[in-house]
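Undergrad: Sharing a structure with you now.
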Amino acid sequence: MQKSASAASLGPGGIDLSQIFFKPTQNTSTPSPTKRHTKISVIGTGNVGMAIAQTILTQDLADELALVDAKADKLRGEMLDLQHAAAFLPRTRILASTDYSATNGSDLCIVTAGARQNPGESRLNLLQRNVEMFQGIIPPLARSSPDTILMIVSNPVDVLTYVAWKLSGFPSNRVIGSGTNLDSSRFRFLIADHLDVNAQDVQAYIVGEHGDSSVALWSSISVGGVPVLSFLEKQQIPYEKEALERIHKAVVESADEVISLKGYTSWAIGYSAANLARSLLRDQRKIHPVSVLANGFYGIAGDVFLSLPAMLGRGGVLGVTNVHLTDEEAQRLRNSARTISEVQSQLGL
């Protein structure tokens with residue numbers, strides 16, 4: 001199920017027309033080794049996985065895109081649907097398989113597969129089922145692409161990024177979670193909407209857990225390079241802490257609102273994951289709040305993954321930004337790490 005039937009083999013007797021359609025040039029040399037062939041694999045072709053795949057294609061981020069899923073019919077249907085749009089997209093080889101060998105040689109593997117919560121099921125039991133699923137996903141990915149970067153999108157993303165790190169045996173710089181990159185985008189949107197400015201001019205981070213214990217770094221928010229809270233203080237303009245908390249609460253609850261309205265989230269996380277893929281594979285060295293191994297940062301101890309502002313490039317996580325935190329923000333971040341660590345301790349890994 002690697003690719004659809006091609007007109008290249010439709011000549012008389014199955015002759016490969018692609019070999020006779022063009023006359024070869026003379027005195028050629030092999031392609032320059034400096035010209036990279038970029039391959040991205042997406043594991044899981046549900047709503048999130050396909051939104052990510054579609055965004056990767058439209059943004060021309062890969063020369064080859066591999067899709068992997070356990071549902072063979074749906075997988076082939078998704079592959080064909082994307083291939084039929086070839087005339088409208090940058091040239092990308094699209095293949096699909098239920099076998100992880102299709103991911104061989106990937107520069108980036110994006111994992112979106114995950115179990116859905118059953119009615120009345122505890123979060124811990126759901127997490128245990130996801131861990132079991134990852135035990136069948138991560139080791140074959142690591143064997144097929146030993147030099148790849150793993151990006152985990154499946155939820156709960158922080159704990160499952162830790163699980164992927166453990167199961168892969170990769171160095172921590174090559175295992176990241178999508179974390180609060182999308183939360184921070186929502187945060188920037190709400191602040192921009194409040195101030196009636198473009199969200200791209202707002203610098204603002206949500207860090208910590210991708211969940212209820214996340215931390216809004218109000219002290220580091222700037223608009224057009226102007227620190228917001230210190231500006232208000234210098235202008236002696238009062239602001240209510242409750243108003244800030246309401247904005248943070250809206251960020252935390254925004255995904256639930258989308259799910260309650262349309263049944264799932266897809267497009268925003270698709271753009272978020274593609275945004276991370278661009279920074280990683282094109283060595284952009286941009287700062288993103290993503291789930292990384294946080295041991296040793298901001299007083300956090302232990303092997304816990306949570307979101308911190310990190311510089312991303314071709315080597316994965318290149319460093320963590322030394323953002324100034326207030327005492328309250330630092331304490332909340334450590335509390336968030338403790339919340340994740342308590343869940344991890346129940347996994348037995």
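For all residues, glycine too, the Cβ spot is worked out from N, Cα and C.
TrEMBL does not curate its annotations; it predicts them automatically.
As listed in TrEMBL for this protein:
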DOMAIN    38-177  domain 'Lactate/malate dehydrogenase N-terminal'
BINDING   GLY44, THR45, GLY46, ASN47, VAL48, GLY49, ASP69, ASN130, VAL153, SER154, ASN155  NAD(+) binding site
DOMAIN    180-340  domain 'Lactate/malate dehydrogenase C-terminal'
ACT_SITE  HIS210  active site, proton acceptor
Undergrad: How big is the gap, in Å, between the Cα of VAL48 (NAD(+) binding site) and that of the residue listed as 'active site, proton acceptor', rounded to a whole number?
TA: 16
Undergrad: Report the same-chain neighbours of GLY46 (NAD(+) binding site): residues 6+ apart in sequence with Cβ closer than 8 Å to its Cβ, ordered by sequence.
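TA: Non-local contacts for GLY46 (NAD(+) binding site): THR112, ALA113.
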Undergrad: Just how spread out is the NAD(+) site if you go by the largest Cα to Cα distance in Å among GLY44, THR45, GLY46, ASN47, VAL48, GLY49, ASP69, ASN130, VAL153, SER154, ASN155?
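TA: The widest Cα-Cα gap among those binding residues is 17 Å.
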Undergrad: Quick one: Cα separation, ASN155 (NAD(+) binding site) versus HIS210 (active site, proton acceptor), in Å?
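TA: HIS210 (active site, proton acceptor) has its Cα 9 Å from the Cα of ASN155 (NAD(+) binding site).
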Undergrad: Could you tell me the C-alpha distance between HIS210 (active site, proton acceptor) and GLY44 (NAD(+) binding site) in angstrom, no decimals?
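TA: Distance (Cα to Cα, whole Å): 20 Å.
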